[in-house]
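According to Swiss-Prot, the protein carries these features:
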- HIS362: active site, proton acceptor (ACT_SITE)
- 8-11, LYS22, GLN73, 78-79, GLY140, GLU155, ASN170, ASN227, ARG332, LYS350, TYR365, ASN376: UDP-N-acetyl-alpha-D-glucosamine binding site (BINDING)
- ASP103, ASN227: Mg(2+) binding site (BINDING)
- 1-229: region 'Pyrophosphorylase' (REGION)
- 230-250: region 'Linker' (REGION)
- 251-455: region 'N-acetyltransferase' (REGION)
Amino acid sequence: MYNCAILLAAGEGKRMKSATPKVLHKVCGKEMVNHVIDALREANIEDVNVIVGKKAKEVQLKTESRSVSFSFQEQQLGTGHAVKCAKEFLLGKEGNVAIFTGDAPLITSKTIKTLMEYHETNGFHGTILTSIIDNPSGYGRVLRENNGEVDKIIEHKDCLKEELKIKEINAGMYCFNIQALLEALDKLDNNNAQGEYYLTDVIEILKKDGKKVGALAVNFEETMGVNSRLQLAEVEAIMRKRINAMHLENGVTIIDPNNTYIDCNVVIHNDSIIYPGNILQGKTVIKENCVLYPNSRIVDSIIEKSVVIQNSVILQSNIGENTTVGPFAYIRPDSNIGSAVRIGDFVEIKKSTIGNNTKVSHLTYIGDAEVGERCNFGCGTVVVNYDGKEKHKTIVGDDVFIGCNANLVSPVEVKDNSYIAAGSTITDEVPRGALAIARSKQINKEDWVKKKDEK
């Protein structure tokens with residue numbers, strides 16, 4: 001059976017109080033609307049149409065890479081009107097259409113599959129996704145017939161006293177037979193106080209036409225929508241719990257899951273240990289046997305096997321196996337750190353390559369540089385890469401020893417097996433095997449202090 005989907009993503013989200021369209025707010029590193037699209041795709045629904053409205057271009061820009069189509073809702077005239085705007089998408093199709101909202105990122109592919117199968121197996125023309133909650137106040141109630149099929153949906157304000165006791169609510173997600181939906185949409189009107197077209201009225205139309213309507217009850221958290229920053233935080237907490245549980249099941253030790261923040265696209269291999277306060281974002285990959293001590297942030301980076309990181313920031317970079325980083329190191333984008341390297345405290349690396357077995361132990365800046373293997377950077381070494389207009393490159397060969405408080409003024413090359421004396425400012429090439437000394441000769445003025453005090 002052919003299945004397609006319509007995704008409602010045209011709402012303004014005024015309660016978010018944000019210039020960003022509501023559906024583009026991120027949950028664990030991914031836009032809410034893209035969470036739903038990805039769940040639909042995992043449920044084998046490839047043909048997805050996204051309804052966009054105000055700030056349509058922003059939503060299109062963030063979703064078009066997922067090969068979806070778009071329909072436009074220029075005026076916000078209700079959920080039924082939004083689906084009416086997608087009629088062109090539905091015309092000529094036979095099968096079923098799932099309708100979901102772009103602000104409900106917790107929906108899973110498993111639930112979507114179950115909904116579609118339940119709808120088709122029972123021969124329903126429409127199926128509502130519902131939840132049963134202890135406090136249904138404010139939600140539309142689902143009334144069922146004796147055979148379990150849906151009789152109608154009643155909004156909270158229209159419920160009678162007995163109907164208010166019903167705890168099954170409409171989750172605002174549906175599956176329809178496409179032809180039955182198109183026929184119902186043609187009969188949909190806006191004869192109500194708000195002058196809007198409601199998708200819930202389609203259920204009433206189907207029932208009047210003698211069509212079968214079913215309901216599938218699922219866990220409430222999967223259907224949670226986001227209309228405020230508070231709800232966004234609640235949804236993020238649930239998603240984070242899911243993500244951390246997945247990593248725990250896959251053999252990762254997370255010392256305190258409630259205080260560990262891992263984006264949905266992060267990959268962590270088994271036998272790694274994550275301490276509290278770590279933030280892993282983007283497409284970061286943590287290989288086997290790594291230890292992330294508390295309070296590091298790693299973004300879009302690849303961390304190879306057996307790396308130890310403490311209290312550091314790593315952005316868009318690669319860290320080789322058996323390397324240690326931190327505490328308080330800053331690895332900036334486009335850096336490649338080799339294997340068995342030591343990047344110590346208060347070290348900043350920017351757009352540089354550091355060779356295997358090199359040690360940069362403390363208080364050092366390396367920018368726009370190529371550093372070879374088995375080098376040692378003394379405390380306070382600075383690569384002076386910026387002349388006020390342009391960045392320049394520094395090349396340091398293999399087996400180079402740089403003393404404390406040295407400056408390498410770019411562009412400059414320090415060749416293999418050479419030494420730089422402490423306190424030197426290097427502006428010219430250092431030959432292979434040479435000792436470079438670039439500092440003033442020490443002068444001791446005898447009795448200088450006594451003479452100063454006598455003045």
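Using N, Cα and C of the backbone, Cβ positions are placed for all residues, glycine too.
Most buried of the recorded positions LYS22, ARG332, HIS362, judged by other Cβ atoms within 10 Å, is LYS22. Among the binding-site residues ASN170, ASN227, the residue whose Cβ has the fewest other Cβ atoms within 10 Å is ASN227. Taking the region 'Pyrophosphorylase' (1-229) as a whole, pLDDT averages 95 in the prediction. Straight-line distance linking the Cα atoms of TYR365 (UDP-N-acetyl-alpha-D-glucosamine binding site) and ASP103 (Mg(2+) binding site), rounded to a whole number, equals 44 Å. The recorded positions shown are ASP103, ASN227, HIS362; of these, the one with its CA atom nearest the CA of LEU8 (UDP-N-acetyl-alpha-D-glucosamine binding site) is ASP103. Within the same chain, the residues at least 6 positions away from GLY140 (UDP-N-acetyl-alpha-D-glucosamine binding site) whose Cβ sits under 8 Å from its Cβ are ILE153, ILE154, GLU155, HIS156, ILE169, ASN170, THR200, listed in sequence order. ASP103 (Mg(2+) binding site) is 10 Å away from ALA10 (UDP-N-acetyl-alpha-D-glucosamine binding site) when you measure Cα to Cα. The DSSP secondary structure for TYR365 (UDP-N-acetyl-alpha-D-glucosamine binding site) is strand. For the pair ASP103 (Mg(2+) binding site) and LYS22 (UDP-N-acetyl-alpha-D-glucosamine binding site), the Cα-Cα distance reads 7 Å. Distance from the CA of ARG332 (UDP-N-acetyl-alpha-D-glucosamine binding site) to the CA of ASN227 (Mg(2+) binding site) is 36 Å. Put simply, HIS362 (active site, proton acceptor) is 44 Å from LYS22 (UDP-N-acetyl-alpha-D-glucosamine binding site) when counted between their Cα atoms. In the shown protein chains, 21 other C-beta atoms lie within 10 A of the C-beta of GLY78 (UDP-N-acetyl-alpha-D-glucosamine binding site).
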